Amino acid sequence: MRLSEYTALQIKKKIISREIRPIDLVEHFIKRIKDIDHDIQAYLTINEEETIKKAAQIQKKIENGENVGILAGIPIGIKDNICTKGLHTTCASKILENFIPPYDAFVVKRLKEEDAIILGKTNLDEFAMGSSTENSSFKITRNPWNSDYVPGGSSGGSAAAIAADLSILALGSDTGGSVRQPAAFCGVVGVKPTYGRVSRFGLIAFGSSLDQIGTLTRDVKDAAILLQVIAGHDLRDSTSMQVPVPDYLNEIDSGVHGLRIGIPKEYFDAGLNEDVHNALKNALRMYEQFGAKVVEISLPHTEFAVAVYYIVANAEASSNLARYDGVRYGYRTSKPNGIIDMYCHTRSEGFGNEVKRRIMLGNYALSSGYYDAYYLKASKVRNLIKNDFDVAFQNVDCIICPTSPVPGFKIGERAKNPLEMYLSDIYTIPANLTGIPGISVPCGFSKEGLPIGMQILGKHFEEKKLLQIAYAFERETDFHMKKPVLKWSTD
Amino acid sequence: MKIKKKDIEYVANLSRIELSEIEKETFVHQLNDILSYIEKLNRLNTETVKPMSCAIDVTNIFREDIVEPSISLEDTQLNAPAIKGVFFKVPKVIE
C-alpha cells in the first residue's frame, strides 16, 4: 500500500507509534502532486515550504514525547475560497488572483491547533459558482476516474485530490451541493453539516443563508474526525450555533436496526439515470437487511427547489460580491477614468462569465419592481420546501436519495447551457434551503465505470446519526476502497 | 421575452459591470431562459405563506462589549492596489 492511500485514522496510528514520520509523509504527497497533478489539476497552490517546516515541528514534538493534536501530521487540502493566513486564497477568480489573507478562517485555525498540515489550496468554480469546476479562471480539474469527465463542483479540486490520493483530507464548501455532488462524482465521502454547525468566518461569502463548510474524505470515520475538529461555536459568526458538539466517532458502529428511512418518491422520477437508480435500490435493500425500515415519503415541492435556489443564492451573491470594487484589496483595472469607471472596469475584467451572469440575475431579482415577484416569492416557496421536510421528519429518522441524478458528465457537455448545469443540483439544493445536514457516500459504479453517490439527509444537528447510518453501509461494502486507475500517468 | 437589452443595460449599470454588445445579447437569451424556468413558482399560491430568510432559528446575538485586538493597519493595507500613508488611494471621486 502506498503511503498516500491510508485514511487519516490509519496514518494517525502509524505517526503516533513512530512507524511513519510526518516529514516522509508530506514529502511523499508533495512528490506525488508534482508527478501527477498536471494531469488532474486539483491544486491551485502548493504550500510546500510551510508544509515541510510544519511536519518537522510535529515530528520533533512526537520525538520529544510532547502532546500533539488529533490530526498531527495529517495533510489536508483546503478549497481556495477558505482564507489561509499568508497563503494565496483566490476563489479561482482573477479578481482575487493575488489576494493573501491577513487572517485564518475559523476552520483553518482549528486545523492548525490540531496539528494538521495544510498541503495546498484546491481548485473550484469561480466563487464556488458552478457544478463542474469548469468555471475556474485558472484551470479545469479532471475527474480521476475518467479524464474526459468533470470532477463535479464547485469543490471539484478537493474531491479529485482525495480520489487521486493527492491528500488524505480536504475541506470544501457547500451552497447548493458543492461538497456532496463532487464527492459523488469522484467516489469519496462528502459531508455538508447543518447550517450553523461550522463557523463561516473566513469562508469567502457566496450565498450567506446557504453556505456551509464541509468535509471530503476517503471514508466515513475520517469525515467524523475532521468534522469533530471544525465543528463548534464561533463568536465571529453570529449564525454559528451554541449547540454542543458530540463525539462523532464514538458509537459510529451502532447500526441502523429499527431506524425508519424515508425515500422521497419525487426523487426517483423519470429523470433519474438507470445505473444510479439501481445502485440506490441495492443500497436500500441492504439497509433493510441491516434491520432498518424503508418507507416511501413525499416532498411535494421538490420541483420548485432549483428555481427558489437560483433566486435566493444569486440575490445573496450579488450583494456579497458588491465588495469587489478594486479599492481595498484584489484586482484593480489599470488607468481608470474616475471612480465609477474604476468599479466597472475592475469588475468586468476581474469576474468570469458565470459570476457576471449570477450577479446580473441577483440584482435583477432584487431590483425595484421585481423584488416581490422574485425574491419575496422565492423566500415563501423556500418555507414550503422546509415544511415538506419538517413533515417528513415527523415520520422518519433520515431520508435517502441519490446525490446526483447522473453519475457524471463530460467536460464541456453542460458548459454552454447554464440552466442545464443548474438543474444537475436538484437533489442537493433542498438541504441548503432548509439548513439540514447531508452526507454523500459511494454506493456503486455506472456502466462507464464512474462512481455513484448515495445521499443521506437528516434533521438539524443530527450529523452523528447520519455518520452512523453511512457507516452501517460502508462497513459492509467496498465501494469506498476502490481506486481510480490513473492511466494517463506513470502511476 | 421578459428581459430586453435595455433591462440588461440597466441591471449591468446597477451591478457596476460593463458588458460588450455580444455579452449583452448572450445575457438577454440566457437570463430569459432562466427566468422563464423560474416562472414555475407562480403556479403556487403563497398568499398566506411567510417568507423564510434563514434556515435556523436565530435572533439577535449579543456578546459582552469587550474590545479585542483586530487586524493591524499594516495588514489591512497588504492587499491594497494603491495606498497613501494610512489611506487607500482611489481615483478622483468628485469632478
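Cβ coordinates are placed from backbone N, Cα and C, and glycine is handled just like the others.
According to TrEMBL, the feature domain 'Amidase' maps to A:24-467. Look at TrEMBL and you will find A:LYS79, A:SER154 tagged as active site, charge relay system. Among the features that TrEMBL reports, active site, acyl-ester intermediate is placed at A:SER178.
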All-chain count of other Cβ atoms within 10 Å of A:SER154 (active site, charge relay system): 35
Which of the three DSSP-derived classes (helix, strand, coil) applies to A:LYS79 (active site, charge relay system)? strand
Below 8 Å Cβ to Cβ and six or more residues apart, same chain only. Which residues does that give for A:LYS79 (active site, charge relay system)? A:LYS121, A:THR122, A:LEU124, A:ALA128, A:SER155, A:GLY157, A:SER158, A:ALA170, A:LEU171, A:GLY172, A:SER173
Taking only the residues in the domain 'Amidase' (A:24-467), give me the average pLDDT of this model. 97
Cβ-Cβ distance under 8 Å, sequence separation of 6 or more, same chain as the residue listed as 'active site, acyl-ester intermediate'; the residues meeting this, in order, are A:LEU124, A:ASP125, A:ALA128, A:SER131, A:GLY153, A:SER154, A:SER155, A:GLY172
